[in-house]
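Scroll down for the structure; my scribbles are underneath it.
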Amino acid sequence: MSAIVDIIGREILDSRGNPTVECDVLLESGAMGRASVPSGASTGSREAIELRDGDKGRYLGKGVLRAVENLNTEISEALMGLDAQEQTFVDRTLIELDGTDSKERLGANAMLAASMAVARAAADESGLSLYRYFGGSGPMSMPVPMMNVINGGAHANNTLDLQELMILPVGAASFREALRWGAEVFHMLKKLIHDQGMSTAVGDEGGFAPNVASHEAAIQLILKAITEAGYEPGTQIALGLDCASSEFYRDGKYTLAGEGGVSLSSQEFANLLATWCDKYPIISIEDGMAENDWDGWKLLTDQLGKKVQLVGDDLFVTNTRILREGIQKGVANSILIKINQIGTLTETFAAIEMAKRAGYTAVVSHRSGETEDSTIADIAVATNAMQIKTGSLSRSDRMAKYNQLLRIEEELAEVASYPGLEAFYNLR
């Protein structure tokens, strides 16, 4: 038995300089696991609740001392003596201890830190890499990275409404090659932006935030960077969008400041997205409709769902109950997986499994506020999710995940496969 003998919670800072929760779990054998949790900027209204102190005199109210206190008292007492190898039981204990649907009492940030640290301690004791501890000894696929190279919306202070414009190296032969392609396009894009007299400062997730004239101008800039880096748009490197539409959906309309302030109905916005998909090699759209616009989501899915990956982030918030409803209604064809949206590893894995059984893809994702913790890289490989979204090709908090994936691919050697377009099995 891998008995838990000590749990230590602490307040640390994330990549935006805001407090977050870190947890150490020590086992009787001397094995130790450490984990820290991320935090989002644009959040779905049904996400599990991260506990913040609200004391404006300290970190502008964003301190997490209450969550840390919960870790060091209630959570510690409840998990002490439990077998760290029994992840499902550990997570069920956390869920029952909290007693709320949204994890608002103990805080999803406190609960997730404990859940992840327990898993890391158990892997350490087993002498296994974390991805092998999660996924067993079977064959595993490396994920196709969705690389956020131009930021807008809540992630930037520019004219773009859409939150992320991404490149996807679908034609690469390996993850290592995909990462190289992405880095080369990133640096070419930086040169093009600089040559046009725009800022090359990067945002929270490492992407650029230039003041371009329109969304299509941003897309065309990326396509030029792909071409000038020596790659073929579409066949080698495809495009993806994260609209984060809930951020500009008001009173039943999608108001696009970056498109001259036009206000569009759900059908009109779906038509606009469809037009872009016809003109450009866009194969993935995240949150193409607002989280509460289920009729709009159905319109979009019926219109594009057979040829474009439609990812529900704010829509599903990594929650199996909401995902099940979406599957039943034929809404979207993919789910974004953010571990802090749901608050435990067990629930995270359940969402991935439910999606795959329904023929939906699962995209494992970071948050805009990250740490050096690279657990999501191991999760993406262990679950054969085949897609990961973990930022651009700058900022060490993003590189931590990419570099971990390089190590995993090296360790797997010839057993590692890179799926490319096969990762998009939801497209028919």
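For all residues, glycine too, the Cβ spot is worked out from N, Cα and C.
Using a 10 Å radius centred on the Cβ of Glu205 (active site, proton donor) and all shown protein chains, the other Cβ atoms total 28. Under the heading active site, proton donor, Swiss-Prot lists Glu205, citing sequence analysis as support.
Every protein chain considered, the tally of other Cβ atoms within 10 Å of the Cβ of Lys338 (active site, proton acceptor) stands at 26. The annotation active site, proton acceptor is assigned in Swiss-Prot to Lys338 on the grounds of sequence analysis.
Marked as (2R)-2-phosphoglycerate binding site by Swiss-Prot on the basis of sequence analysis: Gln163, Lys338, Arg367, Ser368, Lys389. In the three-state DSSP scheme, Ser368 ((2R)-2-phosphoglycerate binding site) falls into the coil class.
Residue environment of Asp313 (Mg(2+) binding site) contains 30 other Cβ atoms, counted within 10 Å of its Cβ in all protein chains. Annotation source Swiss-Prot lists Mg(2+) binding site at Asp242, Glu286, Asp313.
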Ser368 ((2R)-2-phosphoglycerate binding site) and Asp242 (Mg(2+) binding site), Cα-Cα, nearest whole angstrom: 13
Binding-site residues compared (Arg367, Lys389) - highest count of Cβ atoms within 10 Å: Lys389
Cα distance (Å, whole number) from Gln163 ((2R)-2-phosphoglycerate binding site) to Glu286 (Mg(2+) binding site): 10
Integer Å distance between the CA atoms belonging to Lys338 (active site, proton acceptor) and Arg367 ((2R)-2-phosphoglycerate binding site): 7
Distance [Cα-Cα, Å, rounded] between Asp313 (Mg(2+) binding site) and Lys389 ((2R)-2-phosphoglycerate binding site): 12
Per-residue Cβ crowding (10 Å cut-off), top of binding-site residues Gln163, Ser368: Gln163
